[in-house]
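S.K.: Just dropping this structure here.
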Amino acid sequence: MDSEFVHISTSLRLQLGYGIGHVLNDVCASLWFTYFLVFFHLVLEFTASQSGNLMLIGQVVDALATPFVGYHSDHTDNGISAKYGRRKLWHLFGTVCVLLSFPFIFSECIECSLSHKWAQMYYFASFIIIFQIGWAAVQISHLSLIPELSEDDHTRTHLTAIRYGFTVFSNLFVYIITWLILRMTGECDKHQIGPSDAWKFRHIVYIALAVGTIASILFHFTVSEKNSRVRRDQLEPEGESGAHYDFLRKPLMYQVAGVYMCTRLVVNVSQVLIPLYLHRTLGLAERALAAVPLALYLGSLAAAGVQRLAPRSCKRKLNYLTGSACALAGFVWIYLGSDDDYKVYFIYVVAVLIGFGGAIMLVTSLALTADLVGARTEASAFVYGLMSFSDKLACGIAIVVIQTYADGAPASYYRDALSWVCGAATIVGLILTMLLPRFYSHELLVDDNSSINNLDEQDTADPLNA
């Protein structure tokens, strides 16, 4: 490892600067997954099916945009990208798209609030499409920086953990702001969310976007892609397209994609359904819609800290098993719990379990993806794009199917959907992780590239079991 990479790997300034680069996406994703269905179904009074269809539109656009952005991010090579950085250039494009579209999603339809709901869906869908394209550009460009900033697997895991730590802080910030606004503007301990709360969500969105914008500016001034042009000049003669085809021919990539997809199903679908479960199944007041997700992300924060301090010898499979066990315990408890003590006290324990387990699963799955990329950073955005494509499409389909049958369903519907769908995804993700093979580094990467898990004193590597 050359001195430049050593410096990058140990630079606290760069690690923190990298971490805050996804804060804008994080605050928007927190509002999108936690409160989108709440806002459209309970505040704007769209049907559950209509709300689910709008979310599906967003997820499908995101799914299609991620591999597109990933491919073109890997291939961007012009004067601007050479000076500014190809990843940062796509990050900037995505940031602008997000800022121009997201405020309109969590607002009433301008000049059309009295129109038919299906007509309003076209209005909201246009902003959702722009937002999801921008969100995908930020996500993929930010993720694909990890393999370029460090060649060491442990440092990459630290970068992933720092990134997820800021994700957790961003979610905590959103939920705290939501709780404060709900608490200061009404009797949040007695009333449930309704149409009169639309203006509260606008204020929450404005505050979240202000913080996200500041974080994005700091990211662009802090992180520099000094190695981007050098590494492009060191590419093999086959070029980047060859690297893309090499990954597509590897069955292991599809197995890792399955792990990532199941993990995202656990994290995202639970984040979407928990507020509806609290509102409809447990009948809790609006305060719980901020307090319980807050507890969930406190568990995630603890998990990020544990991952950050985990020793190098800690195995990927052991990490994923630990996270899966915690998350699965939470989903089983949701299915069984219903008494008053559960609603008042134990629901927060359940949230911490799911948050802790989901965070460990997510950090581990991202580390597996970085292991998969190895030294072939010229295709990193393409690989992350394919991973994200699978998870966005799966989440969108799962949510729209759940919402399609929600109208007129019994109060226990969201309890059953949350426990069974997320519980099943947890089990499938764990099985796929346990079945990941042991292999030598040259079996994963083509030609003479070495895996990121190769140490100087070792001839072989075991990336997905490291």
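Keep in mind that glycine also has a Cβ here, set from the backbone N, Cα and C atoms.
Copying in the features that TrEMBL gives for the protein in this structure:
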type	residues	note
TRANSMEM	20-44	transmembrane segment
TRANSMEM	89-110	transmembrane segment
TRANSMEM	122-141	transmembrane segment
TRANSMEM	161-182	transmembrane segment
TRANSMEM	203-223	transmembrane segment
TRANSMEM	288-306	transmembrane segment
TRANSMEM	318-338	transmembrane segment
TRANSMEM	344-369	transmembrane segment
TRANSMEM	381-405	transmembrane segment
TRANSMEM	417-436	transmembrane segment
S.K.: List, by number or range, the same-chain residues at least 6 past the transmembrane segment (203-223) whose CB is under 8 A from its CB atoms?
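M.R.: The answer is 13-14, 16-18, 20-21, 23-28, 30-31, 88, 91-92, 95, 98-99, 102-103, 106-107, 145, 170, 173-174, 177-178, 181.
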S.K.: Which one of these stretches, 89-110, 122-141, 318-338, 344-369, has the most C-beta pairs shorter than 8 Å to the transmembrane segment (161-182)?
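M.R.: Answer is 344-369, with the largest number of Cβ pairs below 8 Å.
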S.K.: Which stretch from 89-110, 122-141, 288-306 shares the most C-beta pairs under 8 Å with the transmembrane segment (381-405)?
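M.R.: The listed stretch sharing the most Cβ pairs with the transmembrane segment (381-405) is 122-141.
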S.K.: With a cut-off of 8 Å between Cβ atoms, can you find at least three pairs linking the transmembrane segment (344-369) to the transmembrane segment (122-141)? Only pairs 6 or more residues apart in sequence count.
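M.R.: Answer no, regions not in contact.
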S.K.: Residue list, the transmembrane segment (89-110) vs rest of chain: Cβ under 8 Å, 6 or more residues beyond ends.
M.R.: 21, 24-25, 28, 31-32, 35-36, 39, 44, 69, 72-73, 76, 80-81, 120, 123-124, 127-128, 130-131, 133-142, 198, 201-202, 204-206, 209, 212-213, 216, 219-220
